[in-house]
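The NAD(+) binding site annotation in Swiss-Prot covers ASP43, ALA44, ASP45, TYR46, ASP47, SER92, LEU93, GLU124, ARG147, GLU182, LYS298, LYS322 and rests on sequence analysis. Look at Swiss-Prot and you will find LYS126 tagged as active site, N6-AMP-lysine intermediate, backed by sequence analysis. Look at Swiss-Prot and you will find CYS427, CYS430, CYS445, CYS451 tagged as Zn(2+) binding site. Residues or ranges marked as domain 'BRCT' in Swiss-Prot: 625-704.
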Amino acid sequence: MQDERPVDQLTEAEAAAELARLAEAIEAANTAYHTHDAPQISDADYDALKVRNRAIEEQFPELRRSDSPSDRVGGALAEGFAKVRHDVRMLSLENAFDLAEVEDWIERIRRYLGHVGDLLFTAEPKIDGLSLSLRYEKGRLVQAATRGDGETGENVTENARTIADLPTELDGAPDLLEVRGEVYMSHEDFAALNGRQEAAGQRLFANPRNAAAGSLRQLDPAVTASRPLRFFAYAWGAHSEPLAATQHEAIARLAALGFATNPLTRLCTGPEELLAQHAQIERQRAALGYDIDGVVYKVDDLALQRRLGFRASTPRWAIAHKFAAQLAWTQLEGIDIQVGRTGALSPVARLKPVTVGGVVVANATLHNEDYIAGRDSKGQEIRGGKDIRVGDWVQVYRAGDVIPKVADVDLDRRPEGAAPYRFPETCPECGSEAIREPGDSVRRCTGGLICPAQQVERLKHFVSRAAFDIEGLGAKQVEALWRDGWIRQPADIFELPNRYRDGMQRLENREGWGRKSAENLFAAIEARRRIALHRLIFALGIRHVGETTATLLATHYGSWAAFEAAMTRAEVGAGPEWQDLLSIDGVGAVLATSLVTAFHQEAERAAVDALAAHLTVEDAEVRAPVASPVAGKIVVFTGTLEKMSRAEAKARAEALGAKVSGSVSARTDLVVAGPGAGSKAKQAAALGIETIDEDGWLRLIGDA
């Protein structure tokens, strides 16, 4: 259920449900963008999800999830590459969308530092590509790695060596230097690459960012070498000696070492100069020849950067000031309904083709039934209450080069006789009833596994990169094999070698296949008979269970036998198994109901049992919890802290596993009170909550 009310109007239960929804949506977006190089929502929509998630966490800190999207960077790693642990984490950036948010960021920096003088900042274009870390030892490139999840990336060293403007040897560099930057593809090179792809009958790339990411993450370096990739350096990680004293001097040093750096980088003082540079770069955007989606501001003084440090997933000393979405008007020619793997009926606008930001757009998302009607299930208006009808002139926006969205409708140009759109109440694929649960904005097919669309989409999900990742069995192959009746459920995939290696029907005889490709697929299938528990749970495609949740479940239950037994015995709303499931941080009643219901549906259970018979499931790796006296506790700071700033205290507490709240409640575990502590200290005393001073806090955490 999507709740679009202001955060301060949410109850605690509503906030918890909204955080669960946001975590699922953000995780799905991260997986599509970082792991599959195939983003499914716009940058603007993604940013809105992150902003709302953080706002709810700040309002309800005690509800902050252990798998909070605010703490995550990037997505899951692809199979086929060796893993690389980053010596210095590769983090994402906080976003700003207007001058007020930039000014707020600068003010937060001043408060954190206790700084009242002028601050210098660098401003540079935010390249829309793939982050890459390059490790040089004694001046020689020894390792290249993608960002991955920020902690661990993929080793793409041999592929990176093929990038023409990336030096493999440095003269005069520190003995150890890790250079970071962005791999991208120019518009001209992207058009030429897609031309070659089309001529060869191969799939076209959606945009330059996808082309760059897909090209760098090729298992065959020869493929990468054939793709025209480029690289801009903008940062550094591990190093044996400092590059310079300031950001702009360090970038100049990288340029002197032979790296391409962005010529539009400028030194600025204060928000007015930053905004002027943002406007200047945005005016030049269309003529740059490569994609950018904003301007990055960084504190120039590296000593101040070190003092400011980091939050869980972003540096305090940098922010990305994003560009507004690109807009165009066109006519809505029709509305098509697509059915997803969970049965969701998703409306898609069929548009008269229009150019938006240099790309021809013919389709756009309409989200759901309420979005078309202009009013949600609670009667609140969407777009001022204007509904969308076939024949309307609609405003389309596109941000981040992904699926465009219909943003508005021009009622003055509505054709006479245009009828209100009636959303189907039956599934267009199988004819089953399509229902809406109370409060849900999505209508879903009730056909389950008898619905062909759900069968196909769930099979695609099953073989996706974060699930079983069976090499040689992608979405197109799944569709073709399903269409001809060769596979209907996941277990059928593991029967392919037995059924179609020999005999009258052979995989190698199908169009697009041969003996070698068939044997390669059979070998890949055999290799996946052994699977990690979290991958299997995710691969089942149960609604609300994303990658992060699957990992939480795997860690909690430890083995497939324990997980399966618990789900089988559990009853929705009652019993020890149900309570145990709800005890997992990050699992709420909605998610738990979805899990338990799936394991009690006859068709679903039969499909799971048939699949499990083919597999050896590896037990989960159990990690030791953070050893800290405040891990898992809710801490409130009040009054004046004399030995550290409030921001530093909060950062230290969170690093030790505590949750820092801005208000005292019955769930608060500890209050740290300095001079001038007022109502919060009194409230803590009234509730019997332990209260200590700053020295006591430092002794408790071992910093005295």
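Using N, Cα and C of the backbone, Cβ positions are placed for all residues, glycine too.
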Check: same-chain CB within 8 A of Zn(2+) site center, minus CYS427, CYS430, CYS445, CYS451:
VAL339, GLY343, THR426, PRO428, GLU429, GLY431, SER432, ALA434, THR446, GLY447, ILE450, PRO452, ALA453, GLN454
Which whole-number value in Å describes the distance between the Cα atoms of LYS126 (active site, N6-AMP-lysine intermediate) and CYS451 (Zn(2+) binding site)?
43
Tell me the Cα distance separating CYS427 (Zn(2+) binding site) from ARG147 (NAD(+) binding site), rounded to the nearest angstrom.
41
Looking at Cβ-Cβ distances, which residues of the chain lie under 8 angstroms from CYS451 (Zn(2+) binding site) while being 6 or more apart from it?
VAL339, GLY343, CYS427, GLU429, CYS430, SER432, CYS445
For the binding-site residues LEU93, CYS427, the one whose C-beta sees the most other C-beta atoms within 10 angstroms:
CYS427
Protein Cβ atoms within 10 Å of CYS430 (Zn(2+) binding site), excluding its own:
19
Quick one: DSSP breakdown of the domain 'BRCT' (625-704) into helix, strand and coil?
27 helix, 15 strand, 38 coil
